[in-house]
């Protein structure tokens, strides 16, 4: 013992201490214990020690997000082992209809003052920007689902009829065929790849990929609203159960901000708005919080890749040597992030996308055009490549849809859309010698006379925006939409499979065809049938349903395998060479748009809903109360 080394010490008791020495020793020991426990409970960085000694309590919501908003690094919890418990347990049987009614509003809710002690404390920490997080497995914010549904102008699934009395029409039969295709695609996925991101139908197994940062079940999340829409109730319940029990957010990989947003967050948001199931709202918000570090840049323009473990971000290596963000990626967040604010009360999501708008409004645009690559550090364009196809496409789509989703109050989005469309028409629009209208790609004033399959969404976009154009331009835009859609149909009609290539050219006497094998593949893309659906709803010209049915027959003949649907590597070969991948967007978009093409206009009415770029329906922000209840 230490005391045996003290000089002149003389043992005087069985413990070797005299009474005064015992008193001094105990006094010293009690002081030491008091000092240790004081440090444990009072020092600011003692949370890890507290977790060792204190009983677990519900964490205060929002502190992680607030720390990031305030510019401080987020405190990291120790990594969970593989297959961890869900980050947000399903909140039980929460009754959405019992929640408090929101205030009437003209635009998205702006809660500038905290509404309770917990929010007041959070706002104080973040300088007034309230952030919300999990509480007992849920998100502590009241959204009145019943009030929302009462504001819809049409029943969600359209006016219901007694099918036993409905004649077996050709349209109904075709709709039922598309439903059977969806059921087959889902059952194949469930049998061979349940929980994986995508099905590989030839090898009959699942594929994870590296776009989603370790998140699983991309096909499930992407399919939720399509299963609901087609009234595949058993399949929808299977998907919902997987989300409740197996969709874990505690992952640690690198994820694409864009892909996670449009597929996962878009899918969860639409599933909530269609059903009112709280689990979808909670997980959408928590996943949205995990994307916020992507915005930690000098300009607030997010980088394309976010690390779910470290919270770091980076740009894609191929995007101007890793120095640029992509227009279509940071420009396709607005719809989902406004709805994250709507469902959480957390203004940080809306603020992030409003800042993107601010940067884009301020920056000089060559000839009014938006190049595809922007530095998130300097806020300058990195080059002058402009495309309405890949790299640029959904930025323009989200401008007109932001206007529509706001119930036509987001005037800034409207102005940006029509200004951009005018520049596109002036500098990119061409008519081929054979009379086909197409949108070329622009490289600093030099045109590439080609159009990507991705650009074929633009026919539907222009049709969707025609109504709100200047009166003298409306008929012109409707005709332009029809001509572009016709060109995209020609790219299908001129192939052996009647499916369109990834890109097609207009040169050397060849029009609307791919000129090399590397552009001849078809990966179950939806953009052409998307435009068919919009043009059908606007014109009711039966040609669009006929063209849509041609696609159905081609998919059945060339893309259906024994264990699911697969893309093909050459649309100009009548002997299909499958790529062994059933893309998630085939279930989310292609089959959904085909189904809507053969449905009544009040099913997911365009008065009530806009579709994100993954075809997930998000509601228009109706603020009036003169609407019919949605069914």
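Note that Cβ sites are derived from N, Cα and C of the backbone, with glycine treated the same way.
Feature annotations, reproduced from TrEMBL:
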type     : residues : note
ACT_SITE : 259      : active site, proton donor
ACT_SITE : 393      : active site
ACT_SITE : 502      : active site, proton donor
ACT_SITE : 527      : active site
BINDING  : 613      : Ca(2+) binding site
COMPBIAS : 102-113  : compositional bias 'Basic residues'
DISULFID : 456-488  : disulfide bond
REGION   : 72-135   : region 'Disordered'
TRANSMEM : 23-43    : transmembrane segment
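If you take the CA of residue 456 (disulfide bond) and look 10 A around it, the recorded positions you hit from 259, 527, 613 are 527.
The number of other CB atoms found within 10 A of the CB of residue 393 (active site), across every protein chain shown, is 25. The 10 Å shell around the Cβ of residue 456 (disulfide bond) contains 31 further Cβ atoms across the protein chains shown. Long-range Cβ contacts of residue 259 (active site, proton donor) within its own chain (separation 6+, distance under 8 Å): 211, 212.
With respect to Cβ neighbours within 10 Å, the recorded positions 488, 502, 527, 613 differ, and 502 shows the lowest count. Considering only the recorded positions 488, 502, 527, residue 613 (Ca(2+) binding site) has 527 as its nearest partner by CA-CA distance. Distances between the Cα of residue 393 (active site) and those of the recorded positions 488, 502, 527 are shortest for 527. Cα separation, residue 502 (active site, proton donor) to residue 488 (disulfide bond), rounded: 11 Å. A straight line from the CA of residue 527 (active site) to the CA of residue 488 (disulfide bond) spans 9 Å.
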